[in-house]
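The block underneath contains the structure these notes are about, expressed in structure tokens.
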Amino acid sequence: MTVLAPLRRLHTRAAFSSYGREIALQKRFLNLNSCSAVRRYGTGFSNNLRIKKLKNAFGVVRANSTKSTSTVTTASPIKYDSSFVGKTGGEIFHDMMLKHNVKHVFGYPGGAILPVFDAIYRSPHFEFILPRHEQAAGHAAQAYSRVTKKPGVVLVTSGPGATNVITPIADALADGTPLVVFSGQVATSAIGSDAFQEADMVGISRSCTKWNVMVKDVADLPRRIDEAFEIATSGRPGPVLVDLPKDVTASVLKEPIPILSSVPSMNRRMKEVLEEGSKNVTAKIDRVANLLKLAKKPVIFCGHGVLANPECPTLLRKFSERLQIPVTTSLLGLGAVDERSDLSLHMLGMHGSGYANMAMQEADLILALGVRFDDRVTGNVSLFAPQARLAAAEERGGIIHFDISPKNIGKVVQPTEAIEGDVYESLKLLDSATKNIKIPSRFDWLSQIQTWKERFPFTFTRSAPGELVKPQEVIQELDKQTSDIKDKVTITTGVGAHQMWAATFYRWTKPSSLVTSGGLGTMGFGLPAAIGASVAAPKDIVIDIDGDASFSMTGMELATVRQFDIPVKILILNNEEQGMVTQWQNLFYEKRYSHTHQKNPNFVKLADAMGIKALRVEKREDLAKKMKEFLSTKGPVLMEVLVAQKEHVYPFVPGGKALHQFILHESLS
């Protein structure tokens with residue numbers, strides 16, 4: 001039987017979604033040049049064995065076994081698991097959550113998913129968090145995952161319950177967050193009949209998940225749940241969706257199910273492929289180490305991928321300090337380096353620091369670790385990193401892209417060298433390869449960077465006594481009063497100008513201490529994310545920095561905070577406008593503020609109605625005192641700060657411009 005056994009007959013799209021991608025993974029395996037191939041793609045081989053062994057619920061899978069010499073060694077006899085016999089699909093779901101060590105589930109009940117909710121009723125094994133909207137369940141699960149480094153689990157009903165989670169699913173895909181979403185579905189006999197609350201979730205979620213499937217037989221449920229957790233966390237993490245028809249979760253399993261092996265045996269050819277890939281990686285690492293000997297102006301650019309392994313930021317910091325290489329980050333990479341270090345360039349990109357943007361444009365060697373090179377960090381791609389491209393042509397530098405996802409490499413920026421695989425493992429190899437090489441002096445380069453730091457600081461015009469406080473002042477005061485406890489602080493944000501002020505005026509020192517929506521930019525993310533982060537780390541001080549417009553999209557989750565007594569701190573910068581959009585309208589649309597201002601409720605009274613303590617700051621001179629009270633309050637608390645309008649976010653790289661063509665605050669112009 002061939003390893004690359006073609007699928008000859010599949011009866012459903014769900015089956016193709018599952019098995020077609022597994023076969024694709026196997027084909028991908030044979031072209032890998034990464035030593036992490038088995039760890040990353042073992043799943044595909046494992047599932048291919050399953051295809052060969054079983055006649056599954058979707059149809060018979062046949063394979064041509066007469067034309068191949070690349071075979072898997074004979075498998076041992078199949079064993080069977082009878083532990084689920086006599087249990088309903090809902091009860092099997094409960095047991096599978098225990099198997100995967102799930103401690104918390106976020107979601108909302110409904111008719112199509114009631115067999116599962118009945119099975120987990122009063123379960124002592126995990127806690128269920130009930131928000132006021134399914135979107136909030138998804139964002140809370142995202143934050144839970146970002147803090148714990150485990151997949152977040154969402155459980156919702158069919159139809160609108162499931163479609164309400166699509167935004168968090170898309171957000172999780174953009175930011176590489178492992179999310180396992182279980183959606184209820186109408187009974188299999190009613191599928192396609194436009195039944196009440198029926199929605200084609202496999203079709204709807206296909207473009208925003210790594211993998212999705214509808215379970216059509218209760219016997220398939222354990223296997224599908226195992227696959228969901230495996231796929232969500234393997235390679236570049238992301239969301240998966242498992243659709244659960246009501247009759248499947250209500251039916252009882254009557255026969256034992258096969259116990260499937262998790263790791264296949266490999267023949268000699270497979271082992272040769274892996275050994276060849278390992279040699280290729282070693283050769284690439286050696287070439288990069290040689291470029292580090294030649295480079296005079298290197299920069300490290302790190303993204304969210306660096307935070308995937310808790311040990312990677314520590315290694316990165318030691319590596320950059322030993323080789324004296326300055327480090328900049330993406331928005332989602334904030335916290336990977338201690339921004340109090342002289343080697344920190346802070347955030348890169350459209351609203352990043354002027355000195356990070358200048359350094360990226362002038363660098364002759366860029367080590368890009370776990371990044372996507374999205375448009376917010378590159379500016380005009382054709383004008384991005386000109387000196388590194390020149391150095392690459394002269395074989396003395398270039399752009400080196402380290403990433404676990406092959407599709408991210410070369411998608412936006414063509415690298416000089418691509419190191420595909422786990423970023424932490426690759427960085428360990430590079431660290432080892434550079435231990436005994438002679439590194440040139442970085443004195444001139446670091447001096448130039450210091451000059452840029454003095455010339456292009458983050459700045460703003462402070463408010464006068466009696467005036468509304470400036471939003472940047474609020475972030476600086478928060479930074480000041482948490483400076484000694486940052487190892488205990490986790491911050492979430494909504495999306496908008498407040499998000500950028502938090503990124504640039506707060507000094508990030510702890511890995512994964514910022515939980516925000518990066519790639520999709522989802523307004524309303526902040527409060528539900530704070531709920532999820534606090535559930536994940538109840539001893540941490542979790543602060544949601546939010547704007548009034550963003551907060552208003554999910555503000556009803558204050559009721560969730562109160563119901564579960566979640567000790568989040570909510571800081572609202574209220575300027576009664578959509579600040580990021582009004583900035584564009586001011587600069588490029590002749591101040592035509594089309595529908596970007598709104599009247600807000602009294603947030604203090606709103607919080608009070610929910611049973612949550614609330615404070616308000618209206619003048620600059622009250623800020624420090626109220627901030628201290630805000631931070632020292634036990635339990636949930638909300639502080640509304642009335643801030644000045646038309647405060648823009650600077651620096652700012654306009655669309656179509658290069659990174660070094662940024663607009664500065666008027667005080668620096």
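Any Cβ shown, glycine's included, is placed from N, Cα and C.
These come from Swiss-Prot:
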BINDING   Glu134  thiamine diphosphate binding site
BINDING   Arg236, 351-372, 403-422  FAD binding site
BINDING   Asp548, Asn575  Mg(2+) binding site
REGION    497-577  region 'Thiamine pyrophosphate binding'
TRANSIT   1-140  transit peptide
Candidates Glu134, Asp548, Asn575 (binding-site residues) - the one closest to Ile404 (FAD binding site) by CA: Glu134
DSSP residue counts for the region 'Thiamine pyrophosphate binding' (497-577), split into helix, strand and coil: 36 helix, 16 strand, 29 coil
Chain-internal residues near Asn575 (Mg(2+) binding site), provided their CB is under 8 angstroms and they sit 6+ positions away: Pro471, Gly547, Asp548, Leu642, Val643, Ala644, Gln645, Glu647
Residue among binding-site residues Glu134, Glu362, Asp422, Asp548 with least C-beta crowding, 10 angstrom cut-off: Glu362
Ala368 (FAD binding site) in three-state DSSP notation: strand
Mean per-residue pLDDT computed across the region 'Thiamine pyrophosphate binding' (497-577): 98
Ala368 (FAD binding site), number of other Cβ atoms within 10 Å: 27
Length of the line joining the Cα atoms of Glu362 (FAD binding site) and Glu134 (thiamine diphosphate binding site), in Å: 46
